[in-house]
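Input: a single structure, listed below in structure tokens.
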Amino acid sequence: MLFSINPENGNLYALKTFDYEIEKEFLFHIEARDSDLGLDVKTLAGRKMRLDIRSNKKYLDVNKETGDLFILEKMDREYLCTSKTATTCFIKLEMTLENPVRIFNIEIEIVDINDNSPKFWRGTINLDISEATAAGERFSLSNAVDPDIGSNSIKTYHLSESEHFDIEIQTGRDGSKFADLILKKALDREQQALHNLILTAVDGGVPARSGTASIIVRVLDTNDNTPQFDKDSYTINLTENAPIGSLVVKLNATDKDKGLNSEIIYSYSLYTSEKTQQTFRLNPDNGEIRVKEIINYEDFRIYDMEIIATDKAVNSLSGKCKVKISVTDMNDNHPEISIKSLSSPVKEDIPVNTVIALVSVSDKDSGENGQVDINISDHLPFALKESSDNYYELIVSEPLDREKMPEYDITITVTDRGNPPLSDNETITVELLDVNDNVPQFPQTFYTIPVMENNAPGALLSSLTAIDPDLHENQYLVYFIIEKEIMNTSMSMLFSINPENGNLYALKTFDYEIEKEFLFHIEARDSGVPPLSSNVTVHIIIMDQNDNTPVIVSPWRAHGSVVEEKIPRSTDKGTLIAKVIAIDSDSVHNSRITYQFLQNTDATLFSLDQYNGEIRTMRMFSYRDSRHQRLVVIAKDNGEPALSATVTIKLSTVETALKTYADMTEVPLEYDIFSDLNLYLVIGLGSVSFLLLITILVTIVLKCQKPKPSKAAPPSRNSVISERNSTIADSTLVSNDAYWYSLFLAETRKGKLVVRQPVPKGSRYIVSSIPRSTGLTETSDSAASTLQQKDLLWIRYVFVFIFAAALFHTVFAVTHYTIPEEMDEGSVIANLVSDLGLDLKSLGKRTMRLDVVANKKYLEVNKDTGELYILERIDRESLCTSKSVTTCVLKVDATLENPIRMFNIELEITDINDNAPRFRRDTMYLDISEVTPVGERFSLTNAVDPDTGSNSVKTYYLSESDHFIIEIQTGRDGSKFADLILKKSLDREKQTLHNLLLTAVDGGVPARSGTASIIVRVLDTNDNAPQFDKDSYTINLTENAPIGRLVVKLNATDKDESSNSEIIYSYSLYTSEKTQQTFRLNPDNGEIRVKEMINYEDFRIYDMEIIATDKGVNSLSGKCKVKILITDMNDNHPEISIKSLSSPVKEDIPVNTVIALVSVSDKDSGENGQVDIHISDNLPFALKESSDNYYELIISEPLDREKMPEYDITITVTDRGNPPLSDNETITVELLDVNDNVPQFPQTFYTIPVMENNPPGALLSSLTAIDPDLHENQYLVYFIIEKEIVNTSMSMLFSINPENGNLYALKTFDYEIEKEFLFHIEARDSGVPPLSSNVTVHIIIMDQNDNTPVIVSPWRAHGSVVEEKIPRSTDKGTLIAKVIAIDSDSVHNSRITYQFLQNTDATLFSLDQYNGEIRTMRMFSYRDSRHQRLVVIAKDNGEPALSATVTIKLSTVETALKTYADMTEVPLEYDIFSDLNLYLVIGLGSVSFLLLITILVTIVLKCQKPKPSKAAPPSRNSVISERNSTIADSTLVSNDAYWYSLFLAETRKGKLVVRQPVPKGSRYIVSSIPRSTGLTETSNSAASTLQVRHAIK
């Protein structure tokens, strides 16, 4: 019901009209049944049915009996359809029937099966990849080919496992798959030069088929390894005069790269001097260094060179090593020695520095080989002193001693400094004569002889024997004791010595407790003339025997009776009951006391400390304990045998022992009886208190006085000095013990504090404890200590020695002068005669001459004045060529005759900045690769400045550059040189040359500088890939083009230079073999030419990918795509025929109506036989193909006669040949008019302004519409569409002419009543059916100024005057009244402005012209009238303007503005300045001034600097010492820097003593100050407890 199909030809027809809104689509099937052609099987044989033959193969045939079409020969889809672009493969057959003749077209579609495996064009793919290729780089691989299509074609690729490579599968434009090889890890040729991979292509068939190809990746070498020398530095010794061409050293550098990258060229670096390069020849090929010129040791001794090994790569890398050639001097002349004079024998007391022989030496060699060293044996007391060049004096260097060596054989050896050294020697004999120059010598300088006490008189104590090495009478000795009295007893009464052999005897028995030691001297004297003697100190130490029993001194008892003590029974555990103290007169070891209980009533009750004798309770008393306890304590010494003493203590416990203090006074205890001892104690306490009070008063007086410069406190008057021992005597310790650092005794009962602390070995400390009552004042008569006396004596000896040494130096020193170089000729250096101590008068007679240096006589002496002056200008740089020598000395010998004397003069030449730095090369050329990494450094030729020190090269500066900076280095010899450092990567393509300026500046004042130009040539690196002019080319080429014809010439450019820019063109792997066989690509110029005959029917499109590769070592490539379109040749014109035509037609003919039938044909085949038919694009017609080569001309768009009444349609048919051929035919179609156009107004909306008060019947406007139709369809009629407004029809207000559309007003309009009208006008044509349209008309009534303004405020009755009352005290700007007027006209005409027509006082009131506000311009004064009259006019903005007026009468009253404080009714005179205001102002100013003065005075008092507090004087008994640490009366003076801690805090006495580290050599006084001391501004106490006094040694 909807569709119909022709059963014979399959044409499908629509049987109804479809509506899109109802039915949008239909889906159904069409079936072709067995009798597909609708033929009768029985007639087939009679009608001679036949099938055409394709490619000489008859694939199909028809069974004449059944009508079945069957396969006659197997069909291969890949053979039939070679193009893979076609998704379907058809075999087209034509079946012919006769009787009658009919032709049927048959198409058979061949479906693909997976019967072919993927196959690579090349079984082996060779890839050359540089090792510098970055990870991520991709490489094209030859793709596999599978003749199958669709899913049976290639689906994917697989790559064998590799850590360096991966593949990425791409899909081509035609859907083919190919793989790119991707580098996922950087290659290293030195580790692996070859990579073997397997690429597998797999199709998508079931089962899948696959094919493989081998990928061989050859890793191309990149110059990524620098040449390496065998060693970083070489040191070679080379003798002078080595033959030219002799091999010095053969350097060897290796490079791990290969090819050019490993071939090495050797060269000198810029640091190698030109002199070195002239002397030695470096073979650039094998690294041999050979002698090029004669080597002279005297010219150069060391040749430093830096050798660079550079490979031959484009971007060459280099390594370097340093070679140091030390030239050794040849020595072929022996030195000679000659004895000029000799004195022998000589006395052994010959003075030191006496000349005993004169020796001359010489050597014919020069330089080091000509310089000789003369010496004698080191162990001889002689020395050689150079008197002049090659003249030496043999002098006595040490005092001679015949007793040690009576005769000397002195061998004088002279050796030159050659290699090997040559020498000569001469032996002389010096005999010594004896003199009495040896004092007798004791084996020991100090004898300590222990003598046990209670010895027998006459006992031999020791034998003291001295030795005298002299001869004869000089060695006979006599011994005697040097007399010394001790307590009115001579040493000769105590001891005796044998004068011949030195035996010492004791003459009496000694007691240790009475005499502990004896110190005296024994002298030994020889018999020489004069006699010599020496003495030795003898220290007799009386050794103690344990012969004294300990004596118990506490607790005190009368005549050894028992000690009785009473203690409370409630005594706590640990309470001190008693303390037993025993003393022993024996020595320290024998007097060491220990205490023990001999008897103890209850061993659990009492304990005894065996070292300090304290008896304490071990527990509390209980009711079981006896009230009486008996304790027997034994005190035993440490002697052998031990002696002891005992004491018995009876203890009684009492219950009332712990009474309060009030009860204790009533019943005095037995041991409180006032005895003589107590009396003495009270007197002593009083005396001490009195002395303490006096001391405090004196201290306060001293504090109040201005302090005088303090004198060093004298040492303790009772100090004992000891070099080795630690002795305590009279509470004073002298110690050098360095093993302890601790506080070892603090006996506060006696007011003493003794400290032992470590001291440096050999130092001596005096650490004293001084009783608190001792006063150390400036008037103290204490003598200086033994230490001070010895120090003064030692200082005296040192002074004498220094004086003697200075005198010796003055006599024998060389005369030294210092002058700057380049002094003018005639400049005086010094008075030489005066400096040498010569007589100027005798100078002329003695013929003084100076030696000549380098054939130049620089100096001369003025014979008249004795002055040494400059004879010729001295250049330091010419004298001292070596910069390694810090000082330049010109040595001159001054010779005087009659008698001959020679003086050595040294003239030190100081450098001045007279030379500017100079570069060895004014221009330095550097070739730097553009891929050199940032931070790479390059050696630059350093500047040379002959000056030395600060005048030499100090720094370098480089001209401004974005790419380079310099880094200044310091050489081994202190010279400065600069390295050029690359700070930004170079790009040769942007800048090929960099011109820099290097400036060397010395450190002189003013500074000098030198410059050198640096030209950096940027070497090209293959960092730019070739670029084609376009990324893709599309070329049209006709078939049958002649072989050799140019298709296209490709052009690729490379920004690099040289071989890096030379390009080779090649096909990529993506280019098919067929394409490469058809077209030839010239690898040199990129020309693509036809290689084989082109057949359009075989291939219509040739796609190729061209690669342009440069010839760089690490080649880069660019690619482009070329698409060659083969165009078919065309030689037959198409033909056109008009089968039918309908004309004229109505303009409303439906769209898609067929108006003509056209057939076309073309005799060509293929594309050239296919035709395209078309008409002009701007026509409302279209061609629709109805069947093969048949087309219908249909209406494509609605027609409009009004736009185009007639159409000339040219039908053009064009084939698709190249060039195309065409034909055309023109037909004419005429259109008939229908009423299809509505009338049209020029505007869709009309706005018509009408002035009010218009006359009735006035023409308002003409509204005309247009209709493009013809005849009656274009005749129009106008009328107003009725609309009522306020019960009034539009036809009562307006009228329109129905023929021409003129619009009229039927009445007069008033703007104030009717402002606008809105209605519609319709235009209708006379067609059938009629068409119409309407337009909106907007009538706007325009206003005229016909209404006068009306004043509505201030309100007034019937136009009377407005009266207002205002206070007289009204302020300025107060609103008095506001005039408001209104106008009924439009906005423009109703705009009101206000003005004064009359104003009693123009200075008093103001009127705002826009809002009508009347305000006061000032306050009322007594002069102003009480009544004011204002006339205000309100005027509109019309033309002409209309207005209205109002009159306002104002009256002022006094009582209008009373204040809150009830001001008087009398009006204030505001303008008068009253007296009260004046007083208030004066009062306010006065108070402000007093307040300011008060603040300033307070600030000044606060900001005053307080008086500086006086430094607290040291404690009255502090002892200060440079080397000692003394603590006395709780005051510490110490330089100990090893501890920082608080070590004593005695809170009972309110004292604080601090010890802390101090800088070495500083002195600190750390004092203890009572807490009750007040620190105020008037107090003389120190500001802080810690007082610091520094004394720099």
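Positions of Cβ are set from backbone N, Cα and C atoms, glycine also.
Features of the protein shown, as given by TrEMBL:
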{"type": "DOMAIN", "residues": "30-120", "note": "domain 'Cadherin'"}
{"type": "DOMAIN", "residues": "121-229", "note": "domain 'Cadherin'"}
{"type": "DOMAIN", "residues": "230-337", "note": "domain 'Cadherin'"}
{"type": "DOMAIN", "residues": "338-442", "note": "domain 'Cadherin'"}
{"type": "DOMAIN", "residues": "443-552", "note": "domain 'Cadherin'"}
{"type": "DOMAIN", "residues": "567-670", "note": "domain 'Cadherin'"}
{"type": "DOMAIN", "residues": "811-919", "note": "domain 'Cadherin'"}
{"type": "DOMAIN", "residues": "920-1028", "note": "domain 'Cadherin'"}
{"type": "DOMAIN", "residues": "1029-1136", "note": "domain 'Cadherin'"}
{"type": "DOMAIN", "residues": "1137-1241", "note": "domain 'Cadherin'"}
{"type": "DOMAIN", "residues": "1242-1351", "note": "domain 'Cadherin'"}
{"type": "DOMAIN", "residues": "1366-1469", "note": "domain 'Cadherin'"}
{"type": "TRANSMEM", "residues": "679-702", "note": "transmembrane segment"}
{"type": "TRANSMEM", "residues": "797-819", "note": "transmembrane segment"}
{"type": "TRANSMEM", "residues": "1478-1501", "note": "transmembrane segment"}
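Highest Cβ contact count with the domain 'Cadherin' (121-229) among the listed stretches 338-442, 567-670, 920-1028, 1029-1136, 1366-1469 falls to 1029-1136 (criterion: pairs under 8 Å). On the 0 to 100 pLDDT scale, the domain 'Cadherin' (920-1028) averages 89 in the predicted structure. Listed as Cβ neighbours of the transmembrane segment (1478-1501) (distance under 8 Å, sequence separation of 6 or more from its ends, same chain) is no residue at all: none. Against the domain 'Cadherin' (1029-1136), the recorded stretches 230-337, 811-919, 1242-1351 differ in Cβ pairs under 8 Å, and the greatest number is found for 230-337. Counting Cβ pairs closer than 8 Å and at least 6 residues apart in sequence, the domain 'Cadherin' (920-1028) and the domain 'Cadherin' (1137-1241) reach fewer than three and form no contact.
In terms of DSSP secondary structure, the domain 'Cadherin' (811-919) contains 14 helix, 42 strand, 53 coil. Secondary structure by DSSP for the domain 'Cadherin' (567-670): 7 helix, 43 strand, 54 coil. According to DSSP, the domain 'Cadherin' (121-229) comprises 3 helix, 55 strand, 51 coil.
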